[in-house]
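Note sheet for the following structure.
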Amino acid sequence: MKNCERFANLALAGLTLAPLVVRVNPNLNVILTACITVYVGCFRSVKDTPPTETMSKEHAMRFPLVGSAMLLSLFLLFKFLSKDLVNAVLTAYFFVLGIVALSATLLPAIRRFLPNPWNDNLIVWRFPYFKSLEVEFTKSQVVAGIPGTFFCAWYAWKKHWLANNILGLSFCIQGIEMLSLGSFKTGAILLAGLFFYDIFWVFFTPVMVSVAKSFDAPIKLLFPTGDALRPYSMLGLGDIVIPGIFVALALRFDVSRRRQPQYFTSAFIGYAVGVILTIVVMNWFQAAQPALLYIVPAVIGFLASHCIWNGDIKPLLAFDESKTEEATTDESKTSEEVNKAHDE
């Protein structure tokens, strides 16, 4: 891990814990936390092998519709069912997800302090009555699961803002690390769709704000304000993950060309500008704002402007990680065939 990545991880940990001991300006906290989380997730997304699955254009076009259906369903559940019952079910669901996400987030750091057999040797566990079902894991994954279980139990018991944020940040980092848009065309379709999705549900209906306030699960980050009337500022995880996977794609584009992360820098600066604009407008109007309204144009605008300036629009639009994956697979098959022929 490079020094800047290590510093970013430490900065994110310190910023998350800081409100426990000192009063941190919530606006500054939102901006720094969002930006550092995207930075960490982006560099974790750079792998030696291309992603096994990428989002298609059809999936990107359907995403806002599926998101709208889920949002409206949650709104109706909270409206017609007991809020405590709905949150109890959601807490159980996120308990399992939280253990998996936090364990995966901590695993790279934990592996460095464990012996190699703990990291490499797989343990296969079969379900007692379903022999066909099996789970593979290593001892290091079990060790990483211990703090994951602790924080999930703490959140389920106390619903403390720190436990909420630790789980939320884990979801964000894993989302940016694991999700691949495949191409910038798909990314533009997704961001454009969610741009209008965010505007509609925040400005034209009470649904988004109502669900965010009622949904007692780590789908948003909470930043203590010290104000009894409004104890927390909130930032939805989607406002980090959705632009984050686009910024991560820009970083992997730079890496694929074996160049300095110039387009990543442009997209990342665009994200930071978008978050700052969101905070400024929110404080100016004293009302909830659809963050993607400001983040999406900033990210795409900064990246596109830089590409146009350098004359790199064509290679940017031609970049496709799914094709990279196919090429890598073909190369590995060819290599295997050559080795077999050599052995014969």
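Glycine too: its Cβ is placed from the backbone N, Cα and C atoms.
Taken from Swiss-Prot, the feature active site covers D198 (among others), and the record attributes it to similarity to another entry. Annotation for D198 (active site): spatial neighbours M208, P290, A291, L292, L293, criterion Cβ-Cβ under 8 Å with sequence separation of six or more.
Positions annotated as active site by Swiss-Prot: D239 (among others). For D239 (active site), the count of additional Cβ atoms within 10 Å of its Cβ stands at 26 [all protein chains shown]. In the three-state DSSP reading, D239 (active site) counts as helix.
Swiss-Prot lists 323-344 with the feature region 'Disordered'.
Look at Swiss-Prot and you will find 1-11 (among others) tagged as topological domain 'Lumenal', backed by sequence analysis. Residues 32, 36, 39-40, 43, 108-109 of the same chain sit 6 or more residues outside the topological domain 'Lumenal' (1-11) yet have a Cβ under 8 Å from a Cβ within it.
In the predicted model, residues of the topological domain 'Cytoplasmic' (33-62) average a pLDDT of 89. Look at Swiss-Prot and you will find 33-62 (among others) tagged as topological domain 'Cytoplasmic', backed by sequence analysis.
Within its own chain, the topological domain 'Lumenal' (84-89) has Cβ neighbours under 8 Å at 74, 77-78, 214-217, counting only residues six or more beyond its boundaries. Annotation source Swiss-Prot lists topological domain 'Lumenal' at 84-89 (among others).
If you look at the topological domain 'Cytoplasmic' (111-136), the same-chain residues 6 or more away from its ends with a CB under 8 A from one of its CBs are 143. The topological domain 'Cytoplasmic' annotation in Swiss-Prot covers 111-136 (among others), and the record cites sequence analysis as its basis.
Here Swiss-Prot flags 182-188 (among others) as topological domain 'Cytoplasmic', drawing on sequence analysis.
In terms of DSSP helix, strand and coil, the topological domain 'Lumenal' (210-230) has 5 helix, 5 strand, 11 coil. If you look up Swiss-Prot, you'll see 210-230 (among others) marked as topological domain 'Lumenal', on the strength of sequence analysis.
Residues or ranges marked as topological domain 'Cytoplasmic' in Swiss-Prot: 252-263 (among others). Remote same-chain residues near the topological domain 'Cytoplasmic' (252-263) are listed as 45-46, 184, 303, 306-307, 310, 312, 315-316, 319, 321, 324 (criterion: CB distance under 8 Å, separation of at least six residues from the stretch ends).
Only residues 6 or more beyond the boundaries of the topological domain 'Lumenal' (285-290), in the same chain, are considered here, and those with a CB under 8 A from a CB of the stretch are 198-199, 201-203, 208-209, 278. Positions annotated as topological domain 'Lumenal' by Swiss-Prot: 285-290 (among others).
Per Swiss-Prot, the feature topological domain 'Cytoplasmic' maps to 312-344 (among others).
The transmembrane segment annotation in Swiss-Prot covers 12-32 (among others) and is backed by sequence analysis. For the transmembrane segment (12-32), same-chain residues at least 6 beyond its ends with a Cβ under 8 Å from one of its own Cβ atoms are 40, 162, 165-166, 169, 221, 223-226, 232-233, 235, 272, 275-276, 279, 283.
Residues 190, 193-194, 196-197, 201, 207-208, 210-211, 214-215 of the same chain lie 6 or more positions beyond the ends of the transmembrane segment (63-83) yet place their CB under 8 Å from a CB of it. Residues or ranges marked as transmembrane segment by Swiss-Prot on the basis of sequence analysis: 63-83 (among others).
The list of residues near the transmembrane segment (90-110) in space but at least 6 beyond its ends in sequence, with Cβ under 8 angstroms from a Cβ of it, reads 1, 9, 44, 140-141, 143-145, 147-149, 151-153, 155-156, 166-167, 169-171, 173-174, 215-218. According to Swiss-Prot, the transmembrane segment annotation covers 90-110 (among others).
Within the same chain, residues 91, 94-95, 98-104, 106-107, 110-111, 114, 117-123, 125, 163-164, 166-167, 218 sit at least 6 positions outside the transmembrane segment (137-157) and bring their C-beta atoms closer than 8 Å to a C-beta of that stretch. What Swiss-Prot lists as transmembrane segment is 137-157 (among others), and the listing cites sequence analysis.
Where the transmembrane segment (231-251) meets the stretches 161-181, 189-209, 264-284, 291-311, the count of C-beta pairs under 8 angstroms peaks at 161-181.
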